[in-house]
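Swiss-Prot annotations:
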TRANSMEM  8-28  transmembrane segment
TRANSMEM  49-69  transmembrane segment
TRANSMEM  88-108  transmembrane segment
TRANSMEM  112-132  transmembrane segment
TRANSMEM  145-165  transmembrane segment
TRANSMEM  185-205  transmembrane segment
TRANSMEM  216-236  transmembrane segment
TRANSMEM  250-270  transmembrane segment
TRANSMEM  300-320  transmembrane segment
TRANSMEM  343-363  transmembrane segment
TRANSMEM  370-390  transmembrane segment
TRANSMEM  393-413  transmembrane segment
Amino acid sequence: MEIISQYGSWLVWITAVFGFFMAFGIGANDVSNSMGTSVGSGTITAKQAIIIALIFESAGAYLAGGEVTQTIKSGVIEPIQFVDTPDILALGMLSTLFASGAWLFIATKMGWPVSGTHTIIGAIIGFACITIGPSSVDWSKIGSIVGSWFVTPVIAGILAYAIFASTQKLIFDTEQPLKNAQKYGPYYMGITVFVLCIVTMKKGLKHVGLNLSNSETLIISLAISLIGMFFFHFYFKSKIFTQSANKGTFGAVEKVFSILMLLTACAMAFAHGSNDVANAIGPLSAVVSIVNEGGKIVSGGALTWWILPLGALGIAVGLITMGQKVMATVGSGITDLTPSRGFAAQFATAMTVVVASGTGLPISTTQTLVGAILGIGFARGIAALNLTVIRNIISSWIVTLPAGAFFAIIIFYVLRTIFN
């Protein structure tokens, strides 16, 4: 309590800086890898990807604002355990932010796509273990997270393999690929819109009071997907499409999948912004709340007005200044991508997110996407995969939790020494 009463304003300022650093890391790594397939496949340029990501990530982040004050969303520890030592929780959140930002910065410099959520969970584990003991951590939750490293990439890889194989059989390996793309394209579009609507309503819009039942979500998604399917049925048959496409070439076919891929990338960026923004501003909100309440730990309350813009700014700066490093790894480092291959990977990721949301399986979008890209590579043969890059990526996943914990412990001791 003494630290909060004496240094409350300093804690808020320092946490704001650390929160910006964490948001910077999310923008440079998490957001960048989600747009990597679109850039690597040639669907859009890196500059266009940055603009699209900023628009949809920011939109998702602002819609998430009302729920972010639930701070430690991971469920790894319960804040109530710090009710008698709020100053320890405040320093712990400071440590968590800096540690997570530091690991994301290092991973980005190395070109490793890692999970921001897993990074911050590792950091929370680190400071919790040295302050209130290992028993305070919900280790079953950690077991589920570790299990997801294997389960979700495999699911996404299998789905991506199946989607890619279907496009080859129905479209690319036929005598008239463009005609078949016009024939089957609307069906791919309808299925894509159906899944993306579910992702948006269940993941992206759950923070704005849109409490739809599963049946309502399915009905609305089906209706929108049917509208989309009919629209693109006429679009692919129209002169606008046929004149812009170069008939008889695979480039014209790939244009169909470019549209699908762009839709998927926008929807996933929106869902990511509405959920993962809490990784940066959740701990920041916790410290501000503790200071404003004079040391009391509250579970709800209004979000201070400047926190969301700070998080959005940090994500934007990180994406613009360092985003292309991870984009390159995801977009071209693992395997060569075309719009059809990139769509298969992005769509498989979206489908896996839907499955995980329905089953409660903890999921990293980063790891899911990488698993989907691996599935595409396997469909083309093992020689199509860059095994060195894959080895480095998997190693970085394994290191992420302990790295977050290690940095958090170091920073916590430094901060405690300074403020004591």
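Heads up, the Cβ atoms here are built off N, Cα and C, so glycines get one too.
Predicted, not measured: the structure shown is a model, and the values here were computed from it.
Between the transmembrane segment (300-320) and the transmembrane segment (8-28), the number of CB pairs under 8 angstroms, six or more residues apart, is three or more, so the stretches are in contact.
Against the transmembrane segment (393-413), stretch 112-132 has more CB pairs under 8 A than any other of 8-28, 88-108, 112-132, 145-165, 250-270.
Contact between the transmembrane segment (370-390) and the transmembrane segment (88-108) is not supported, since fewer than 3 Cβ pairs fall under 8 Å when only residues 6 or more apart in sequence are counted.
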